[in-house]
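A short worksheet on the structure shown next.
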Amino acid sequence: MAWRSQLSRNLKELRILFCQTSPSSASARSFVEQNYKDLKTLNPKFPILIPECRGIEPQIWARYDMGVERGIRLEGLTEPQILKALEDLVKAGASLKA
């Protein structure tokens with residue numbers, strides 16, 4: 001999982017949005033609880049934003065160079081699927097630099 005340390009190289013910002021109480025956001029909440037510390041330890045100065053968003057559909061957004069953004073809806077995804085979606089966003093950032 002070397003891609004985890006590439007967040008700060010391939011992205012400018014990561015936003016994870018979910019509702020604190022809705023069942024549809026349960027896996028996104030769990031993902032943050034299980035992975036935030038590791039991601040932040042590997043990328044200490046990288047902005048990982050988790051705004052409070054009551055009633056919102058769970059989503060993950062990556063901002064790249066030149067203001068390019070990509071988002072993925074997380075509703076119905078499991079924790080491993082969310083991790084794979086994040087990995088795909090990080091790898092997409094590497095391809096945008098080429």
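Note that Cβ sites are derived from N, Cα and C of the backbone, with glycine treated the same way.
Shown in sequence order, S25, C53, R54, G55, I56, P58 are the residues of the chain, 6+ apart in sequence, with a C-beta less than 8 angstroms from the C-beta of C19 (disulfide bond). Taken from TrEMBL, the feature disulfide bond applies to C19-C53.
Broken down by DSSP into helix, strand and coil, the domain 'Ribosomal protein/NADH dehydrogenase' (20-93) contains 38 helix, 13 strand, 23 coil. Residues annotated as domain 'Ribosomal protein/NADH dehydrogenase' in TrEMBL: 20-93.
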Averaged pLDDT score, the domain 'Ribosomal protein/NADH dehydrogenase' (20-93) | 94
